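What TrEMBL records for this protein:
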- Lys82, Lys106, Ser358: substrate binding site (BINDING)
- Lys118: active site, proton donor (ACT_SITE)
- Asp158: site 'Important for catalysis' (SITE)
- Thr202: NAD(+) binding site (BINDING)
Amino acid sequence: MSIMVPSTTPALIPPGRQTLDSALHQLDQAAEHLGLDDGLRTMLATPRRSLTVSVPVRREDGRLDVVQGFRVQHNVSRGPAKGGLRFHPTTDLDEVTALAMWMTWKCALVGIPYGGAKGGVAVDPTGLTTRELERLTRRYVSEIMPLIGPEKDIPAPDVGTDEQTMAWIMDTYSVSAGYAVPGVVTGKPATLGGSLGRSGATSLGVQIAALAALGRSPEGVTVAVQGFGKVGALAAQHLSDAGCKVVAVSDVTGAVHARGGLDIARLRAYVSETGGVRGFHHGDAMSHDDLFELDVDVLVPAALEGAITEVNAPRIRARLIVEGANGPTTPAADEILAASGTTVVPDILANAGGVIVSYLEWVQNMQAYSWSAGEVEGKMRDLLLNAFTEVRSVAAERAMTLRQAAHVIGVGRVADAHQMRGLYP
Ligand code: NAD
C-alpha cells in the first residue's frame with residue numbers, strides 16, 4: 001500500500017521557501033489588519049528587483065568553482081535599499097527574498113529612510129582560504145555592481161561575512177568608481193569610515209530590547225542563547241554585563257551549559273582560539289535541542305531561520321523570547337507561543353540595533369564626519385526604544401502579539417509611502 005504524503009509536509013518544502021512563506025504570512029496578517037487592497041498587497045509581497053548571478057571562483061589548487069549569488073531589493077519606496085550579505089551553503093533566492101522583505105519592515109518600523117534588501121552567496125565560507133574568499137567577494141560584487149551604491153543599495157555583514165568582507169566590497173566598488181566610496185557598505189572597519197559601535201550594535205540592541213521587555217531588574221535573570229556568532233556572542237556578553245546569568249549557549253559545533261552561569265568573556269576567548277563552543281571546560285556539554293527546553297527566563301535565538309517550530313515550541317519554558325536572528329520562529333510556533341503566554345520580541349524590532357547603527361554609519365560617511373561611540377549609542381538607543389514603546393502600545397491597543405504590532409507599523413508605513421508617491425506612469 002502506498003502512503004500518501006500531503007503536499008504541505010514541511011520537510012518536503014525547501015527551507016528557503018518555508019522562510020519566504022513565513023514572511024508572506026506575516027505580511028498577509030498585517031495587510032488584512034490594515035485593510036490594504038489586493039494590488040498594494042501584491043506590490044508589497046513582490047520584490048522590486050532580484051538578481052541571480054554565477055560567481056566563478058579560482059581555488060588555490062587551480063580548480064574553478066562556480067557558485068550562485070543573489071541580491072534582492074524588496075522595496076525602495078522610502079529610500080535606498082539596505083540589507084546584509086550572507087555567505088551560507090544553503091542560501092537561495094527565496095531565503096534572500098524573505099530576508100529582504102523583513103529589512104523593509106524593520107527600517108520602516110524604526111523610522112530610518114531605507115528600503116529593504118539582502119544578498120547571499122551559496123557557499124560555505126569556512127571551506128575557503130582568505131584569498132579564495134576575497135576573490136569570491138570581489139567577483140560577486142562586480143556581478144551585482146549595477147544594483148549597489150550609496151544612493152541605491154548598501155550591503156552590510158550578515159551570517160558568514162564580516163568587516164573584512166565589507167572592506168573588500170568597498171574597495172572593489174571604489175576602484176570601479178575611481179575614488180573612495182565609503183558609503184557603499186556599512187559595518188566596515190573604523191579605519192575605512194566604519195562607525196564606532198557598529199560591530200556590537202545588533203547585540204547591544206538585543207540586550208536593550210530584552211531589558212525593556214523584562215521590565216524588572218536583570219540581576220540573576222537566566223538566559224539561553226542559540227548561536228554564538230557575531231550577534232549571539234556579544235548579546236550573551238551584553239546580557240551578562242547587565243547582570244543576567246547566561247546559563248547555556250550553542251553554535252554549530254555544540255552546546256554548553258552551566259547552571260551557575262557561563263563566563264562569557266572566557267567562552268568568547270575560547271571560541272576565537274578553537275572555532276566553536278564545543279569542548280569548553282567550564283561548562284557541561286548538552287544537546288542543541290535541550291537548550292530550547294531549559295527552564296530559563298529568556299531565550300535568545302541568534303543563529304538562523306526556522307529554529308523554533310511547532311515541534312519544539314510546546315516544550316519551551318522561557319517566558320520571554322528575544323529574536324536576535326531573522327525569522328527564527330515559524331508562524332505555527334508563534335501561535336503556540338502566543339497561546340501559552342510567551343512574549344516574543346520579534347526580529348524586526350529586537351535585532352534592529354544593527355541596521356540603526358548602519359544608518360548612522362552611512363549618515364557619517366555621507367557627511368564625511370564622525371560621531372563618538374557615546375553619540376552613536378545614544379542615538380541608536382533612542383530610535384530602538386521609541387520603536388519598542390510604539391510596538392508595545394499598538395499591541396496593547398489592538399490585542400495583538402508584538403510581532404503582529406511591529407508588522408502593522410512597518411508594513412503600514414511602507415504602504416503609506418506607496419500611496420503618497422502614487423504609481424508611475
Ligand atoms: P554569524 O555567522 O556570525 O553567526 C551565526 C552563528 O550561528 C554561529 O555561531 C553558528 O555556529 C551558529 N549556528 C548556525 N546554525 C546553528 C544551529 N543549528 N544551532 C546552533 N547554532 C547555530 O552570523 P550573525 O551575523 O551572528 O547572524 C546571526 C543571525 O542574526 C542571522 O539570522 C542574521 O540574519 C541575524 N542578524 C545579523 C545582524 C548582523 O549585524 N550581523 C543583524 C541583524 C540580524
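The backbone N, Cα and C atoms fix where each Cβ goes, and this holds for glycine too.
Please treat TrEMBL annotations as automatic predictions, because they have not gone through curation.
With respect to ligand 1, the recorded positions Lys82, Lys106, Lys118, Asp158, Thr202 contribute Asp158, Thr202 as residues with a C-beta closer than 6 angstroms to one of its atoms, given in sequence order.
Cβ atoms within 8 Å of the centroid of the Cβ atoms of Lys82, Lys106, Ser358 (the substrate site) belong to the same-chain residues Gly83, Met103, Cys107, Ile112, Tyr114, Gly116, Ala156, Ala352, Gly354, Val355, Ile356, Tyr359, site residues excluded. Summarising the substrate site geometry, the residues cited as binding it (Lys82, Lys106, Ser358) extend over a maximum Cα to Cα distance of 13 Å. Separation of the C-alpha atoms of Lys106 (substrate binding site) and the residue listed as 'active site, proton donor': 13 Å, rounded to the nearest whole number. The Cβ of Lys82 (substrate binding site) lies under 8 Å from the Cβ of Met103, Cys107, Tyr114, Gly115, Gly116, Ala117, Asp153, Ile154, Ala156, Val355, Ser358, Tyr359, each of these being in the same chain and 6 or more residues away along the sequence. Calculated from their C-alpha atoms, the gap between Asp158 (site 'Important for catalysis') and Thr202 (NAD(+) binding site) amounts to 11 Å. For the recorded positions Lys106, Lys118, counting C-beta atoms within 10 A of each C-beta gives the highest total at Lys118.
Here the C-alpha separation of Thr202 (NAD(+) binding site) and Lys118 (active site, proton donor) works out to 16 Å.
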